[in-house]
Ligand SMILES: NC(=O)c1ccc[n+]([C@@H]2O[C@H](COP(=O)([O-])OP(=O)(O)OC[C@H]3O[C@@H](n4cnc5c(N)ncnc54)[C@H](O)[C@@H]3O)[C@@H](O)[C@H]2O)c1
C-alpha cells in the first residue's frame, strides 16, 4: 500500500532539509507521496511551489509524487510532520517567547487535523515540542503524537560520548529524557557501547565519574556564560572549542545553541533525527527511539509531555520496555517535570 508523508513548514530550514533527507533515504517508494503543506497564505503557497520544483529537479527519477497542498484542511496523509513555526526574534533565546508565538499555530493545526485526520501519526519538530504535543493531544489520540526532540538530544549525547571516547556514534546508544530544552536529563546509566575494548569501557567510566564531580546544571551555567561572551564577540570558533572541551552531558546543552546562533537552525541534524523516527514508524519492529510523548502516569507517575524511550508504528507510540529499567533520580525527574510544567503554564497565560 502506498504511503503519504505530509510536511508542514516545508519551506523552512528544517522542513526543506527533511524533504531532501526523506527523498534521498529511499524511505518513500515509487507511487508514494510527499505532500508539502502551506498555511493558507499565497506567499507560503508560492514558496512551496518553488520548493517542489527544486525537489523534483533533484529527485523526480524516484517516481515519488511531490505535491503542494495550500491548506491544512486538505492534507491526506499517513504521517504528518510538523516543522511549522514563527521564527524567534533576533537574539532571543527564551523558549517561552517561542511558545507564546507558536501556541495559536499549534491550536490551529490541532483543530484542523483533529477533525479530518484523526488516524494519522504526527511527528512534532516545532518548538516548544512539549507545548505542541500537549495541544495536539487535546484533539487527537495522544498515542499518535510523537515529539522528536528527545531523539535529537539522544543522538547528540551519543555523538558527544563517541567523540570523547574516540569511536563512532554507530557504536554508542544513549538516552536523554525529559524536556527538549534546559530541563533535559542525559542518562549516563543508559549508555551502551558495542564492542569489547576494555580501554574504551574504562574511558567511559572515567567520563561518568568526572561528570559526577560537579552538578550538571552548574557546569552548564558556566559554559553558557562563557559561550555567550564568545558569541557576543562573533567568535564562533572559540564557542565551539569550549563546547568540544566540555563533558558530553554538558556539551549537548551548548553546541546546538552555538550552531543555531550561527546558522539560525540545525536543519540536517534535526532531519536525521526525524528520519530515524520515520524509519522506526515504517518498519514498526519495536526498535527503541526517543520521543516527547503525553504521559498519563504510565511511567514513574509522570503526567505531562515528557521525553522517554519509545517504540513507534502505525498505531502510534508505546513505551519501550527499556524505559523502566533506566536509573534516574527522583530529584532529576522532578526538576524536569517542574520545568516543563512551568513552560506550559507560561504559554497558557496568553
Ligand atoms: N526539535 C528539534 O530538535 C528542533 C530542531 C530545530 C528546529 N526545531 C523547531 O522547528 C521549527 C522550524 O524550524 P526552522 O529552523 O525550519 O524554522 P523556519 O523559520 O526556517 O521555518 C518555519 C516554517 O514555518 C512556516 N510558518 C511560519 N508561520 C507559520 C504559520 N503561522 N502557520 C504555519 N506555518 C508557518 C514558515 O513558512 C516556514 O516554512 C521551529 O519551531 C524550531 O524551533 C526543532
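Yeah, the Cβs are placed from backbone N, Cα and C, and that goes for glycine too.
Residues or ranges marked as active site, proton acceptor in TrEMBL: 180. Non-local contacts of residue 180 (active site, proton acceptor) by the CB criterion (under 8 A, 6+ apart in sequence, same chain) comprise 127, 128, 129, 130, 147, 149, 150, 152, 153, 292, 307.
Per TrEMBL, NAD(+) binding site is recorded for 9, 10, 11, 12, 13, 14, 15, 102, 125, 126, 127. In the three-state DSSP scheme, residue 125 (NAD(+) binding site) is classed as coil.
What TrEMBL records for 5-147 is domain 'Lactate/malate dehydrogenase N-terminal'. Regional average pLDDT for the domain 'Lactate/malate dehydrogenase N-terminal' (5-147) in the model is 94.
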If you run through the domain 'Lactate/malate dehydrogenase N-terminal' (5-147) with DSSP, how many residues end up as helix, strand and coil?
73 helix, 25 strand, 45 coil
State which of the following binding-site residues has the fewest other Cβ atoms within 10 Å around its Cβ: 9, 15.
9
Among all the protein chains here, how many other CB atoms are within 10 A of the CB of residue 127 (NAD(+) binding site)?
18
What span in Å does the NAD(+) site cover, taken as the longest CA to CA distance among 9, 10, 11, 12, 13, 14, 15, 102, 125, 126, 127?
17
